[in-house]
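There's a structure below that I have some questions on.
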Amino acid sequence: MAMAMAAGYGQIPFDEEMQKSFRPPPPFHDGAGDGDHHILKPYKKSNRLVSLDAFRGLCVFLMIVVDYGGSVFPIIAHSPWNGLHLADFVMPFFLFVVGISIALVYKKAPNRPEATWKAVGRAAKLFLLGILLQGGFLHGLNSLTYGVDLERIRLLGILQRISIGYIVGALCEIWLSRRTRREVGILKSYYLHWFAAFAIIAVYLGLLYGLYVPDWQFFVPGEGYSDLPVKCSVRGDVGPACNSAGMIDRFVLGINHLYAKPVYKNLKECNISSDKVVPESAPSWCHAPFDPEGLLSSLTAAVTCLIGLQYGHVLAHLQDHKGRLENWCGFSVAFLVLGLFLALLGFPINKPLYSISYMLITSATAGITFCALYLLVKLGDHNIAISLNST
């Protein structure tokens, strides 16, 4: 539920076209006389964007389905490493809708320092909330030591990733938007956002493929093992054992603060048992912690938020439904084709690393889904307006 709350900030302006097309029914009089107060007043106009709320609801629905159904139907659970399952769409969908919301909330920010402090405050609260929830501080009422081991608490997670994407998108919207008195094109107004996205991607690629990963070792407490060595001595590896994303997290955060049960333990190489125990005969890295919401992968996750931000700009500045859908579909098709092309070139579709191909394909899927929901909502509003005008 906290993840759903994180997917939108502030009040979303009601669509102007919807206001024009929808006319509430006239007041109904019950015939009791003019002096009586028995007139049924029309419904108060909503201040929500229905298609955006529908997309949020879909995100929550998918989250519930994969959380409770993933153990029964492994095909919808997270892919162990490379690949794309239903659960792998949930995080990008939430980041995408956060980006759209940012474009609407910060559409007008005359006082940039004040808006920045508000954004930083929101992101900090969400980050800390993520640590509290996943650290177990709100559970174990009968145990004072439950979840408060600061030496092993996980520092990053789902809400923390959303907070990082949010603050990156908010700062870009507040400081990098080109606001002028005369109307300019959407791309010209927000070209610095695209520069920021390309710069983030360049840093990500440079660190992922450029850093040298030496041999390393770790200790698994409570399993009776001595230090387990992992042989790497490679550069640019994107496997679970020797990728630079894990190395950065181990160096900056510490291996004790990473996720102890990474999904790559379900790989065939790890030979995990039915009771989720990795045998001693498995490769050493199968026992190692790894954070799928780590520092390096959070860079490209933030780019997903920036992509959603551009969809939000179309929503905020274009009032023509056809123009909105054309822009959104153009973005989505371009991202999808580019993502598939990169996958064919050998860039893996990988959620734990939040690879470039994964980011583009899931963002495109989120855009197509939002287009479909927007179209369904508009068609429903149109039919309602026709039926009301005919009465």
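Glycine is no exception: its Cβ is also placed from the backbone N, Cα and C atoms.
Model, not experiment: these values are computed from the prediction.
Straight out of TrEMBL:
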| type | residues | note |
| --- | --- | --- |
| DOMAIN | 48-171 | domain 'Heparan-alpha-glucosaminide N-acetyltransferase catalytic' |
| TRANSMEM | 54-77 | transmembrane segment |
| TRANSMEM | 89-106 | transmembrane segment |
| TRANSMEM | 126-146 | transmembrane segment |
| TRANSMEM | 158-178 | transmembrane segment |
| TRANSMEM | 190-212 | transmembrane segment |
| TRANSMEM | 295-316 | transmembrane segment |
| TRANSMEM | 328-349 | transmembrane segment |
| TRANSMEM | 355-377 | transmembrane segment |
For the transmembrane segment (190-212), what are the same-chain contacts with Cβ under 8 Å, counting residues 6+ beyond its ends?
168, 172-173, 176-178, 233-236, 238, 243-245, 247-248, 296, 299-300, 302-303, 306-307, 309-310, 313, 353, 356
Can you name the far-off residues of the same chain, 6+ from the ends of the transmembrane segment (295-316), with a Cβ under 8 Å from a Cβ of it?
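Here the qualifying positions are 13, 49, 91-92, 95-104, 107, 156, 161, 164-166, 168-169, 172-173, 186, 189-190, 193-194, 196-197, 200-201, 203-204, 207-208, 244-245, 248-249, 252-253, 323-324, 327-328, 331, 335, 352-356, 358-359, 362-363, 366-367, 370.
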With a Cβ cut-off under 8 Å, give me the same-chain residues at least six positions beyond the ends of the transmembrane segment (158-178) that come close to it.
2-3, 6-7, 9, 91, 94-95, 98-99, 102-103, 106, 109, 112, 115-116, 119-120, 122-124, 126-127, 129-131, 133-134, 184, 188-193, 196, 200, 293, 298, 301-302, 304-306, 308-309
Would you report the average pLDDT that the model assigns to the domain 'Heparan-alpha-glucosaminide N-acetyltransferase catalytic' (48-171)?
88
